[in-house]
Amino acid sequence: MVARTIPVDAFDLVIFGGTGDLARRKILPSLFRRMRAGQMPATARVIACARGKMTRKAFQQMIREALLEFIPRPEDRPDDLLAQFLEVLDFVALDATGEAGWAELGEKLRPDTVRAFYLSVGPALFGPIAHRLHETGLATADSRIVVEKPLGHDLPSARELNRQLSESFSEHQIYRIDHYLGKETVQNLMALRFANALFEPLWNAQHIDHVQITVSEKIGVEGRGGYYDKSGAMRDMVQNHIMQLLCLTAMEPPARFEPDAVRDEKLKVIRALDPVPIGDTVRGQYRANGTTGSYLDHVENPDSRTESYVALKVQISNWRWAGTPFYLRTGKKLRARLSEIAVMFKEVPHSIFPEVSQRRGNALIIRLQPDEGITLRMTIKDPGPGGMRLREVPLDMTFADALGDMAEEVPDAYERLVMDVIRGNQTLFMRGDEVEAAWAWTDAIIASWEDDRARPEPYDTGGSGPEEALALMHRDGRRWREIEG
Ligand code: NAD
């Protein structure tokens, strides 16, 4: 099977912060892969803007080194293609908040070419850059602007950011990236639900016992403690990534696969979320173990109450989901790096087989990482003689196995999202009202923790989170799935 790639039109992509970590590690390697796949034309131009003088040649050299580092296999980056890609790159020394560089940038942009501005800089610069783009006339009516988390710190700051962006750009020009939405499996969740007749009739409280969404990381906050301690797991993971996974799992079928139709349905889910009582939340902070420090060792404030782990029991108040809880958890320094959605179906209403211990409901596991894929847990008869013994088997659709060579061609999230920006397709991007609704819901939970003033529960590095999180499930007669990489 050969992947089908439809080339995009020529474009001018301006990356503010084009010498930063995100640009070097993700955006530019993704563009290179799209050029290799034949999707990005050699007539495209990528103009990096950053503070500090640098020649075009020096910038090209910097990106050459980044590509060697982040696309490590030489066969994945043939010399001729590398040279062709570097030719597309340009650099303008520009101060986002000053005068330097803006006129030069204007001279480099071509009329009648798709124009996109990627703000790969700190969020404090989003508003000022949007304003300058408008003021200088560099942003045309069809230009796109791309921003990425953190999109605010709470509802008031998210509103303020939306206000600033909307002064210079209309909503249809604003692309808010949540890179989880660019993952192949996440889109497959929509295909699975809405392109197959099999699941949708079962996709409700009558048949689904509960849903578990897990985003677990092995790493801690070392080196990022300053940023993370002001944020915590709730703001860093739940408000954005986990919320998006929850929405795609829980939303009603949109009438069409179109940006606003999809985003309207996601927004309805967020608005249907019940406030979460503090007793249905667990916060944790990782302890030190023999070789690595504790959370408190990795941040400046020795008394910090910021959570590096959170678990929540969430109820969605609508006809489809009333009575079926969604359990969400995310944390750092856990046993493995794992992101998955587990849809746990109810048991059969009456078992005709005597093996009571074998009676577990079906489970549909949508794995985002590692090894993107979808697994359906079924119960079958144990093969051979010896009576009617049952066993559970996975019906596995790991993309790497099922799609063969095509799996190699599956673009990573940034590849897909940047190409969607150029094509002008907002389906996989968050709308301003969605971001605000998600903040309104998370803010209330964070406020209840602040009122409570309790310390987060300690948990062991390399484990599966605090005991209290296990209890959150046990008291409902349920169990978390194992965190296994
Ligand atoms: P970074 O510090 O590595 O790079 C920042 C870039 O911005 C540099 O190129 C710098 O020259 C430029 N810059 C700073 N001030 C400027 C100014 N006044 N005018 C012009 N250019 C200026 O940061 P990063 O890690 O690349 O992150 C950029 C943004 O993306 C941040 O908002 C971050 O939160 C977000 N983000 C980063 C990652 C990641 O993996 N690095 C992931 C998700 C979101």
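Numbering starts at 1 and runs along the chain as it is shown here.
Cβ atoms are placed via backbone N, Cα and C, with glycine included.
What TrEMBL annotates here:
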- 14-188: domain 'Glucose-6-phosphate dehydrogenase NAD-binding' (DOMAIN)
- Gly17, Gly18, Thr19, Gly20, Asp21, Leu22, Ala23, Arg24, Arg51, Lys149: NADP(+) binding site (BINDING)
- His179, Lys183, Glu217, Asp236, Lys332: substrate binding site (BINDING)
- 190-481: domain 'Glucose-6-phosphate dehydrogenase C-terminal' (DOMAIN)
- His241: active site, proton acceptor (ACT_SITE)
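Ranking the binding-site residues Asp21, Glu217, Asp236 by C-beta neighbours within 10 Å puts Asp236 at the top. Counting Cβ atoms from all protein chains shown, Lys332 (substrate binding site) has 25 others lying within 10 Å of its own Cβ.
Counting only the Cα atoms, the space from Asp21 (NADP(+) binding site) to Lys332 (substrate binding site) is about 21 angstrom. Among the recorded positions listed (Asp21, Lys183, Asp236, His241), Asp21 have a CB atom closer than 6 Å to some atom of ligand 1, in sequence order. Among the recorded positions Thr19, Ala23, Arg51, His241, the residue whose Cα lies closest in space to that of His179 (substrate binding site) is His241. On a Cα basis, Asp236 (substrate binding site) lies 27 Å away from Arg51 (NADP(+) binding site).
Taking CA atoms as the reference points, Glu217 (substrate binding site) and Thr19 (NADP(+) binding site) are 27 Å apart. Cβ neighbour count for Lys183 (substrate binding site): 23 (other Cβ atoms within 10 Å of its Cβ, all protein chains included).
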